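S.K.: Pulled these features from TrEMBL for this protein:
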type	residues	note
TRANSMEM	109-129	transmembrane segment
TRANSMEM	194-213	transmembrane segment
TRANSMEM	219-239	transmembrane segment
TRANSMEM	332-353	transmembrane segment
TRANSMEM	373-394	transmembrane segment
TRANSMEM	414-435	transmembrane segment
TRANSMEM	455-475	transmembrane segment
TRANSMEM	487-512	transmembrane segment
TRANSMEM	532-551	transmembrane segment
Amino acid sequence: MEQLKREESVDVDEEKWVYGSSVDHKGRVPLRASTGVWKASLFIIAIEFSERLSYFGIATSLILYLTKVIHQDLKTAAKSVNYWSGVTTMMPLFGGFLADAYLGRFSTVLVSSIVYLLGLIFLTMSRLVPSLKPCDTSLCHETRKIHEVVFFFAMYLISIGTGGHKPSLESFGADQFDDDHSEERRKKMSFFNWWNFGLCSGLLFGVTVIVYVQDHAGWGVSDIILTAVMATTIVIFCIGRPFYRYRMPTGSPLTPMLQVLVAAIKKRNLPYPSDPTQLYYEVPKSLKTQSRLLCHTDKLKFLDKAAILEDKQNSANPWTLASVTKVEEMKLILNMIPIWLTTLPFGICVAQASTFFIKQGATLNREIAHGFLIPPASIYSVAAIAMIVSVTIYDKVLVPVLRRVTKNERGLKILQRIGIGMVFTIATMVVAALVERKRLMMGSSSMSVFWLAPQFIIIGVGDGFTLVGLQEYFYDQVPDSMRSLGIAFYLSVIGAASFLSSLLITIVDHITEKSGKSWFGKDLNSSRLDNFYWLLAAITAVDLCIYVCVARQYSYKNVQRRAVVADSNCYEGDGAGAMA
């Protein structure tokens, strides 16, 4: 009877307070009713809307600016965009590390947002300050070097700001939901869908309103708008401070992994225990301070030797003895490598949407009615709308149905969701190849820009599966102390793919030029992008087969439920396997 009363008391206490590694803005245990969940997340989604508004308002028009104002040829401009995009999406690895290890997520978001704002200010100056403008006339034949220097300095300052902003903000938003509270855990599964709704709304306004202003009022006016919106949302983000739940930085997350590796190598000659319970399990701490513990899995058994208890071993030395939780965290990172590698071709296909797809739109007939011309980059809005619709339908219609069918809280397992999106990506490249072939045959002037709509719709729907799935996967499956880095791993897929896209363009250009005529001419009409799209479709199709094999062997994170941790009652985040 007393045991039952104690359990009821714990349940009531946990309903009132958020135990674990979270604190409120004064460093206390957070009160569940007044912190976190949607009341905090809305402030965070607001600044994400602003950042994506700026990013896509700039990124989707970048290739047009480089070719029209700075006078780069198509191949050079595409590489410049890919390099900038690659740096922008690889920088979060550094920013995520700083957030997890030293600065904390809130501080990293605030500092990086200010750096981002400085980048926007310099970008505005490069277009409005007379001595920094491309030239003195409205039509530039040769751009000033000082403009190029300040322009690219501003662009890469924005990259640095994004490096801290992106991984920290998304993980900070997800931190507002308690994984050990069933109701909040379900809300968290919807968070990534609505996060992308806000992201796509920013994208949509960026490629319509901002791009329209660029075309009709000038680049400088659009930059002023972006700067003002970013400054406003930084203030809004700070206003939400009392409502947030914070996770304190825990030091370098790489050190414990290195300790596991060193301990496993030192004990490589020890026999593996017949019973896994003979391994060193971390002693559960107080509910109020305890981080989540992981259960033992049978994969990568070599690392388990780091947790073997030797006679009279001092458990205080982490370089000779690691807990099962630390060993399992190392396994999680190693298991992610094949998934990361097999999603790179998807990222290469996504990179084409902001380069060649936009450039194609610039050559087509963009008139709607009464002489109104759609800005070339605005065609990207079709992908944003498709993603918003697909994410909304998935969250509100498909997930409830799939939960009943699959008995899985998410509806689909994360890796299944990613795989479905990759099928859409292959379809995108096939449709893009067919449309480009038709454009070459018909001629650009007689062909409407809406011929590009199908490929943007398909890639938008695919992104609703794959991009959201990758965000969930890399946030959920990394160790809890590495969640900013987890989002950075997701972004690095897009970043590394952008660099690979540039490399692939260089290789294909070199090979096809030797065989007679390069697939990448000075302009689109002298190029054969349709062949390049067919190549990408074939690469992604082969990769999807490899991905399915890898995903079927994957084991999800095994977490001990906090309330019953002493009984080592484990649950997996998504089931034992995926794509099965």
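Placed from the backbone N, Cα and C atoms, the Cβ positions cover glycine too.
TrEMBL: automatically predicted annotations, no manual curation.
Relative to the rest of the structure, where do these features sit?
M.R.: The list of residues near the transmembrane segment (194-213) in space but at least 6 beyond its ends in sequence, with Cβ under 8 angstroms from a Cβ of it, reads 41, 45-46, 48-57, 60-61, 170, 173, 221-222, 225-226, 375, 377-381, 384-385, 387-388, 391-392, 395, 464, 467-468, 471.
Note on the transmembrane segment (414-435): residues 339, 343, 346, 349-350, 352, 357, 451-452, 454-455, 458-459, 461-470, 472-473, 476-477, 529-531, 533-534, 536-537, 540-541, 543-544, 547-548, 551, 554, 556, 574, 578-579 of its chain, located 6 or more positions outside it, place their CB under 8 angstroms from a CB of the stretch.
Packing against the transmembrane segment (487-512) from elsewhere in the chain are residues 75, 78-79, 82-83, 85-93, 95-97, 166-168, 170-171, 336, 340, 343-348, 350-352, 355, 470-471, 473-475, 478, 518-520, 528, 532, 535: each is 6 or more residues past its ends and has a CB under 8 Å from a CB in it.
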S.K.: With the transmembrane segment (332-353) as the reference, find which of 219-239, 373-394, 455-475 contributes the most Cβ pairs under 8 Å.
M.R.: 455-475
S.K.: Under an 8 Å Cβ to Cβ limit, what residues of the same chain, 6 or more beyond the ends of the transmembrane segment (373-394), are close to it?
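M.R.: For the transmembrane segment (373-394), the nonlocal Cβ contacts are 56, 60-61, 64, 193-194, 196-197, 200-201, 203-204, 207-208, 211-212, 214-215, 353-354, 357-359, 361-362, 366-367, 449, 452-453, 456-461, 463-465, 467-468.
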S.K.: Other than its close neighbours in sequence, what residues sit by the transmembrane segment (455-475), given a CB gap under 8 Å and a spacing of at least six beyond its ends?
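M.R.: Cβ under 8 Å, 6 or more out: 170-171, 174, 189, 192-193, 195-196, 336, 339, 343, 346, 349-350, 353, 357, 379-380, 382-387, 390-391, 394, 410, 414-415, 417-418, 420-425, 427-428, 431-432, 435, 483, 486-487, 489-490, 493.
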